[in-house]
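Some notes on the structure that comes next.
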Amino acid sequence: MLSANMLRRMHHGVAVTRMLLVSNGKVQVKKSALYPVMAKLARTYATKNYPAHTVINMPALSPTMTTGNIGAFQKKIGDKIEPGDVLCEIETDKAQIDFEQQDEGYLAKILIETGTKDVPVGKPLAVTVENEGDVAAMADFTIEDSSAKEPSAKSGEEKSAPSSEKQSKETSSPSNVSGEERGDRVFASPLARKLAEEKDLDLSQIRGSGPNGRIIKVDIENFKPVVAPKPSNEAAAKATTPAASAADAAAPGDYEDLPLSNMRKIIASRLAESKNMNPHYYVTVSVNMEKIIRLRAALNAMADGRYKLSVNDLVIKATTAALRQVPEVNAAWMGDFIRQYKNVDISMAVATPSGLITPVIRNTHALGLAEISTLAKDYGQRARNNKLKPEEYQGGTFTISNLGMFPVDQFTAIINPPQACILAVGTTVDTVVPDSTSEKGFKVAPIMKCTLSSDHRVVDGAMAARFTTALKKILENPLEIML
């Protein structure tokens, strides 16, 4: 009786697959679940006597990703694949990402064509073989021949109901993933493991944002154990009825239905949840920008081409200084406790053709203006080109949304959960203000309005007032930024 155990080694987050060959030629395959960022690879000998091959599945490239759109394949059938080669482009809910491979081989079959939308995480995308001579033998291979089980929309209903405690953990956050989906082995930094142990958290329920899906400190800090209850079917039906009626009443040719991108779907879901669940309130302050504008001009004049500061760069730096003075605002709602951050990581709202994304400038309290300016320009450009890496837009402790480039005097923004606050920055408007030093008793000054949206569960009105007062003082006396 022929039997052998084959064990693929764990390599940078690639899932482990065990195979057992038995005498009748059949194969039993036991797969561990997809580890974040990397694809699930399943080595198998299928029942149709295909040669040894590897099935490459749709990876989870961000904590909130459940489906992805397939862009252009960078390899053709028969091409050799080296570690680090890009197989194809995948549009996630946040960006367009190059899907790199970790093992060498030859591309033998493409199962999902370029342009396919809403491909579920875990669905087979392609097949590779180790030997070039085996490529032709895979020509008739189909998804049904794959050992990887296709995800089903009803899979959650078909499984036995978990205990209420486990179910709560599994559905508590977009960054959660069940142990069954994740596999037995979890990659985490020593500090992350220590923090998880202190907080009594199950690492298998946390999706990592570090290199190749590794769980790092920020993942532990951002893990949310509580989620909003889903609306009842009756409530959902009532909510959708007016929209359906309006659509039915519209005359043909009066409108165009635009498909939703993955990013737009996630924006709709997260912001609706934030607005419905987080008790928002707003505090607005008017800032005289005379001195900050003069400081910007002076610094740019002496830059000698090394940098070019924008008003937004100075706003980021001033906001950072204000957060250090009022740290209660640099916080997050974590369900049964409030997390107050010691570091300042500014999420910067950037408009892209696909929707809004918030790249994170980390540790702005330790960066100079030139460094902030360089990072802001780089992240902004790559965000608009869908070239951000997942770790560059995940996390953040405080968000700034600046519409100062438009003629928008003032606006309010929706909080980016789990953060407690977001600052909405308007344009600078020449405004008549009192001036005791002028014979006329007034002057015209460039005034900018900033509105802080706060989660009242975390930040009380007095805290918001102290923060906006500190921000106003720093912007109107910008030498404080240098301290």
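Cβ from N, Cα, C; glycine included.
Reduced to three states, the DSSP call for His456 (active site) is coil. Within 10 Å of the Cβ of His456 (active site) there are 13 other Cβ atoms, across all protein chains. The feature active site is assigned by Swiss-Prot to His456 (among others).
The active site annotation in Swiss-Prot covers Asp460 (among others) and rests on sequence analysis. For Asp460 (active site), no same-chain residue that is 6 or more apart in sequence has a Cβ closer than 8 Å to its Cβ.
The compositional bias 'Basic and acidic residues' annotation in Swiss-Prot covers 146-160.
Confidence annotation: the domain 'Lipoyl-binding' (53-129) carries a mean pLDDT of 87 in the model. For 53-129, the entry in Swiss-Prot reads domain 'Lipoyl-binding'.
Feature annotation from Swiss-Prot assigns domain 'Peripheral subunit-binding (PSBD)' to 187-224. Remark: secondary structure over the domain 'Peripheral subunit-binding (PSBD)' (187-224) totals 21 helix, 3 strand, 14 coil, with classes taken from DSSP.
What Swiss-Prot lists as region 'Disordered' is 143-187 (among others).
The region 'Disordered' annotation in Swiss-Prot covers 234-254 (among others).
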Counts of helix, strand and coil residues, the domain 'Lipoyl-binding' (53-129), according to DSSP: 0 helix, 39 strand, 38 coil
